[in-house]
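Asks: Structure below; questions to follow.
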Amino acid sequence: MIIKTKKDIPASEITDPLVFNNRRKIIKAILAGAVTGIGISPVSAANNSIAWPDLPRGDGSAGLLTPTPAELVKNYTNYYEFAFNKQDSARLAQNLRTDSWTIEIGGEVENPGIYYLEDVLRQQTLQEYIYRFRCVEGWSMVVPWVGFPLSCLLKFVKPLSGALFVKFTAVHQPEVMPKQRRNAMLEWPYVEGLRMDEAMHPLTILAVGMYGSILPKQNGAPLRLVVPWKYGFKSIKAVVKIELVRRPPVTSWCQFAPHEYGFYSNVNPAVAHPRWSQSSERQLGSGFFTPRRKTELFNGYGEQVASLYRDMDLRHFF
Ligand code: MTE
């Protein structure tokens, strides 16, 4: 259940008290982390005192997915601004500055502006979303995110009729991001994009936490996109700008290798990456002898999202 808040009524009066109190704790915790510069280090997350009791579930599932062990998810990260390997990116991401985080929202909207994350969160009801996450590299995991539907934020800024796509831009901090400093590989900052109906889909969320704690820096703190039916690179970390635009934005990976990484990048076992098959995946945390999992079309979310692509040739629009 998504509980909407109206501007003129205090959220505490119309929101389930459990939800409201959890949200206040999360905002407080995010701010405490931001003000004192305390992030969750890859190894010390278990000792972090910030934890929340059960949040209401937003993903509509009956809880059948078993989350991947948190330590694996926190130490096996892709964060190319910091490093091209998983361990270094988790370590170096601790240098990211997340204090006084703002999100600029503009383009085809009635209410453009620069919003403090804190103010955005005051408008939202945080819930837990346990999603499968499939990387284009051929591995997968299950992550319990804490966040809210992107659609709630977009509705708040009131899209205009020209808003056909959404462009997301990640933070630019070359002083702490070695690959940005050296202009290595991608065009920086990291850019991603969605079609407007994909962005408004209830499964598409902005996450501020995972495993009941604030988002570790290496996993996209303080705010990242999560689109569970698309390859992981679409789920851009450290978002600072959201623009509603008329044309499909040029995304970082499309620009880098357009024949390998399409704009849609829906998980699809029938469309191979030019250099490897996408028909199966290695599940993080599974034993050495565990067989690979068969990859599902739309990462198993077909029932909810297949209609978005009804008349499209998915081989062409990969
Ligand atoms: N966002 C930014 N800003 N920079 C990145 O390098 N990597 C992407 C995506 N979002 C990336 C990013 C890729 S390739 C993947 S697979 C996922 O983040 C990985 O998310 P995780 O590290 O939390 O598992």
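Just so you know, the numbers here start at 1 and follow the chain as drawn.
Note: Cβ is positioned from N, Cα and C throughout, glycine not excepted.
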Asks: According to TrEMBL, Tyr80, Glu81, Asn219, Arg224, Ser235, Ile236, Lys237 bind Mo-molybdopterin; which one of Cys135, Cys152 is listed for that same site?
Replies: Cys135
Asks: With the Cβ atom as the reference point and anything under 6 Å counting, tell me which of the binding-site residues (Tyr80, Cys135, Arg224) are near ligand 1.
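Replies: Listed by sequence, the hits are Tyr80, Cys135.
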Asks: If you count Cβ atoms within 10 Å of each one, which of the binding-site residues Arg224, Lys237 comes out on top?
Replies: Lys237
Asks: Ten-angstrom check, please: count other Cβ atoms within 10 Å of the Cβ of Ser235 (Mo-molybdopterin binding site), all chains counted.
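Replies: The answer is 25 other Cβ atoms.
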Asks: Around the Cβ of Ile236 (Mo-molybdopterin binding site), how many other Cβ atoms lie within 10 Å? Please give the count over every shown protein chain.
Replies: 23
